[in-house]
Amino acid sequence: MFNQRTAKAEGGSAAPEVVRHSRYPTRLTMYDKAPALEVSIEEFETFALDRLQVLRAIEDAQLRAKGEDDMRKRISEALERHLPLHTNRSRLPSRQLMAERRKDHVSHFILRLAFSRTEELRSWFLRYECALLKHRFREADTAERQELLQTARLQLALVPQAMRDEVLGDADAFYSPQEQLFEVDFERVLDLVMRAQVVLHAGKAYVPQAEIAALLVHEFRQRLTRALAVCAKALPQMDEDERLVPVLQNMSNQSARSEYRSSTAAGAVSADSVDSLGANFPLCMQHLHAQLLKDHHLRHGGRMQLGLFLKGIGLSLQEALVYWRRAFNSMTDDQFQKGYAYNIRHNYGMEGRRADYAPYSCHRIIMTNPPGPGDHHGCPFRHFAPERLRAALHQDSLADPDVREIADLAAAGHYQVACTRHLEAKLRRRPSIQGQEAPSAPVTSPNQFFDLCTGSVVSPSASLSA
Ligand code: SF4
């Protein structure tokens with residue numbers, strides 16, 4: 001645990017007294033308490049925008065970095081530029097240290113409020129705040145890590161050295177002998193389980209000291225998820241604050257997670273041309289399209305996902321009825337009219353409550369309604385087993401190094417980043433649209449993938465509307 005000797009051994013003097021007794025004695029925090037201090041409206045906006053720059057830089061680094069070191073460098077540079085947070089052992093004046101910590105604290109809570117508005121925004125914020133905490137924890141020295149673990153109250157059960165044999169048997173050989181091990185429920189470290197970096201035994205995972213960041217991030221994610229839900233409920237009460245609401249809305253609109261609206265006009269695609277456009281589909285739609293051609297049928301989840309996607313790329317209602325009737329060629333006209341045509345008209349706002357349904361976003365496809373046996377909807381990067389995903393990418397003519405990299409990203413849970421790499425690999429192979437700008441942020445919608453693949457949009461950001 002943290003002590004004076006450790007701090008000095010890390011190189012530097014211990015915290016100045018003024019810092020130790022201040023509102024922010026430690027640099028890293030789990031943001032458990034909201035700030036109780038006054039902030040001017042200018043600071044409110046500047047702080048939040050600076051933090052947003054950092055979160056977007058992390059998103060960008062996950063997309064573009066060439067390896068772990070490059071990713072760390074990119075994130076550290078963004079932090080230094082927009083949200084520096086020096087240690088107690090830096091030689092900076094206490095006043096500056098306090099100002100940095102105040103900005104970090106306040107900006108987190110402003111964005112928490114701004115991003116609590118919708119599930120999609122919450123998910124974006126959660127993802128990159130977790131990545132930020134993980135980065136800072138990894139870059140911190142031993143003393144700071146111990147301080148944060150202490151304040152986080154993780155309730156870890158240390159496996160005594162003498163009992164490791166008894167608890168783990170032969171599996172103990174997986175770890176180095178002197179490494180401390182902590183026993184936790186496996187759900188707390190799914191990331192490590194997926195990467196086979198821990199031994200599982202009777203529902204418990206044995207986490208080595210070196211991987212403790214995964215536990216910390218899990219705990220942070222749980223707490224922040226709950227806090228965002230509370231914020232979302234409180235948000236309507238702020239609707240009348242004319243100074244803050246526009247600022248908060250502006251913040252969240254600047255994340256690349258707003259709903260994607262294609263500029264393609266209805267009628268741009270005919271029933272006859274759908275099949276020839278399949279090569280421009282993202283993997284989720286390629287899979288649904290291939291299954292439809294093979295089985296002449298799709299279950300409800302697949303029909304909704306593919307049907308609204310086709311609507312989004314410009315298939316009109318009349319052409320959609322022709323297309324689906326032809327595809328479902330093993331049933332009678334009567335069966336089609338009674339069982340399926342209503343749904344198609346419904347998707348186009350011609351039945352029921354006549355809502356004009358939008359195509360599904362990646363977030364919705366990845367996070368809701370997972371496919372069961374016999375279903376083909378969902379996101380292959382999220383829902384396919386690794387072998388099946390690699391086969392699908394090979395089938396789309398990707399080179400081995402691309403397949404490896406994309407499959408690794410998917411295995412690490414970066415589904416939309418993996419999909420964006422897929423898009424980039426496709427764009428590289430296409431002489432007809434060479435020079436098309438690579439996406440500057442992960443793909444957020446299958447329709448955005450299609451538009452970029454066909455060259456219908458020049459820049460993804462131009463099509464992202466609030
Ligand atoms: S990330 Fe989105 S576009 Fe890509 S395969 Fe998954 S759901 Fe489809």
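Keep in mind that glycine also has a Cβ here, set from the backbone N, Cα and C atoms.
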Quiz item: Considering the [4Fe-4S] cluster binding residues C362, C379, C419 given in TrEMBL, which of C231, C284 is annotated for that site as well?
Solution: C284
Practice problem: Write out, in the order they occur in the sequence, the residues of the chain not among C284, C362, C379, C419 that have a C-beta within 8 Å of the mean position of the C-beta atoms of the recorded [4Fe-4S] cluster site. | Solution: P282, L283, I365, I366, P380, F381, R382, Y415, Q416, V443, P446, F449
Quiz item: Can you count the other CB atoms that lie within 10 A of the CB of C419 ([4Fe-4S] cluster binding site)?
Solution: 28
Quiz prompt | Under 8 Å by Cβ from C379 ([4Fe-4S] cluster binding site), same chain, sequence gap 6 or more | solution = L283, C284, C362, I365, I366, Y415, C419
